[in-house]
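> Got these off TrEMBL a minute ago, pasting:
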type: TRANSMEM; residues: B:21-41; note: transmembrane segment
type: TRANSMEM; residues: B:75-98; note: transmembrane segment
type: DOMAIN; residues: B:75-265; note: domain 'ABC transmembrane type-1'
type: TRANSMEM; residues: B:110-132; note: transmembrane segment
type: TRANSMEM; residues: B:144-166; note: transmembrane segment
type: TRANSMEM; residues: B:187-212; note: transmembrane segment
type: TRANSMEM; residues: B:246-265; note: transmembrane segment
Amino acid sequence: MRDRWLKYVLILPAALLVMGTTIWPLGVSLVTSFRDWRLTRSLTPGPFIGVEHYLIALTDDPDFANAAKVTAIFTLVDVAVTVVSALGLALLLRRAGVLHSVTRAVLILPFAVSPALVGISFRFMFNAEMGVFTWMAGAIIPWLKGFVWLADPVAALLVLMFSDAWRWVPYMTLVVLGGLAALPKEPEEAARIDGATEWQVLRDVTIPALLPVLAVVAILKTVFALKMFDQVVTLTGGGPGQSTVTLAHLVFSIAFRWYDMGYASAVAWILTALLVFLAVWYMKLILRKPGGH
Amino acid sequence: MDRNAQARRRRMLWRGVESALLLLVLFLILFPILWMALTAFKRPVDLFDLTVFFTPTLDNFRTIFAHPWNIGQTFLNSLVVAGLTVLVSIPASTLAAYAFSRFEMPFKGALFFTILATQFIPAVVVVLPFYLLFRDLGLLDTHLALVVVNLAIVTPFAVWMLKGFLDAVPTESEEAAMVDGATRLRVIIDIVVPMVWPGVVVTAVFCFILTWNEFLFALILTRDDAVTLPVGITRFRTERGDLWELIAAAGILISIPMFFLSSVIQRHFVRGMTGGAVK
């Protein structure tokens, strides 16, 4: 059969695109991470220096330690908030009702907004003088009146998390709703007939059945939280100080403010290694499932 | 009876709590969008009042389309970059997805896995070598440079989504046509593509949205000529201060088309992101 060759021909264009646009730059970055290369000194790559960049990053760079800490805190809180809120909201939205369908219809909107625009909009709404959220917080909790959110290290990180949750929680709610719709009705009904309360049905039947979907939500959100970049630039600029500098933002600064390509590549690769590890885990989870592609 | 009444009252109470919660959620989702929309029609002096009662003006839209902002050109850049990315990526991805869906081959699992895994790579590691390459080639600040790097994000998504759609298309009519002597390529063009067309459109729209909203590549690879809208809006933060009313006006311009597109494909949106793991 000609199919024997045709199938490779069919895959070739996409394979070349993926090779050229991701595998090649990954390889170049890896090689660069072992070299000394500062664009301020030389336009061509310098000598190989082994794993020195990795050693510096992991043992002797307070900026890296700070960015790793910020990214870890951001990711942990962000993932926990997203999974719990998306699950809760999806369970609320399961039933029929006018409010329910209106809410379901607007869930997709935040995700369609460019993350860069989300960041800059929240910067405006948390502005000290004319921020509407600043004013609301002050109106509800008098103690917060006049509080400058983006000038406080902890509050700035909270605002960053809030802006990210605004974009992601509604979207992940749609994902969980999809999972809920696919569950068979019988186990829940059987539990009710056996006299279980709604809370028991939820805890012992519904949520265990949803675990695979919740795992997908958690891993996807982890990946996107670890890559957090756009809103850091447009909302906080990494500040105040370095309190909201994520790893992706640190790579950007090393490469395009200090022009140290070698060190930037090494830090980028530490982040990449973490993400590839998560990717493998995620693939195993969804490829194992019957009916999953 | 008494017990029934109590249960009913508890249910009524829960209904009330539920409605209150949903109203709060609706408010949280819609308020930022509505507030930015309002801001777009405010004069700068009205910004400080936090009022919803003001004399609306279209001046902000006039300003962003005029010199020096020329948002029309930025809009066009976004359109060209997102359009070209989709035009290159979708045909290539459709063919590959078809091969993955219909044929067995050695290392198929590993190959498919590699294509999918590339989605998890942080954009910032991809952009470093491309920045250096485009600098050497003199291609910084061009549409071409942006299209090339955006293909990196879009292509794995498209292959994954399209394979899901193709798996759902029955193979009988393809086999019948092959028995009648049609070549595989004819079958793909005449039978498979028309049948999977809705899926192709959904995937194309999805990839268009991804590219349209992309920020990191555009921030690093463009300066003046090829700037796209997400980077364009950051230009309104000037040395003289942040021009919020113009940011809001430009924000409407960038968001409205995406609200429209995402609503059209909402049902498939979730699937595209999770690759059919969630049905």
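Every residue gets a Cβ built from N, Cα and C, even glycine.
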> Can you work out whether the transmembrane segment (B:246-265) touches the transmembrane segment (B:21-41), with the criterion being 3+ CB pairs under 8 Å where the paired residues are 6 or more apart along the chain?
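These two segments touch.
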> Can you work out which residues elsewhere in the same chain, 6+ from the ends of the transmembrane segment (B:75-98), have a Cβ less than 8 Å from its Cβ atoms?
115, 143, 146-147, 150-151, 154-155, 158-163, 165-166, 188, 192-193, 196, 200, 203-204, 207-208, 211-212, 218, 225-229, 253-254
> If we skip the immediate neighbours and take only residues 6+ beyond the ends of the transmembrane segment (B:21-41), which ones have a Cβ under 8 Å from one of its Cβ atoms?
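For the transmembrane segment (B:21-41), the far contacts come to 47, 52, 54, 56-58, 60-61, 244-245, 248-249, 251-252, 255.
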> Near the transmembrane segment (B:187-212), which same-chain residues lie under 8 Å Cβ to Cβ, leaving out any that are not at least 6 residues past its ends?
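Distal contacts: 78, 81-83, 85-86, 89-90, 93-95, 98, 150, 153-154, 157-158, 161-162, 164-166, 168-169, 173-174, 177-178, 228-229, 254, 257-258, 261-262, 264-265, 268-269, 272.
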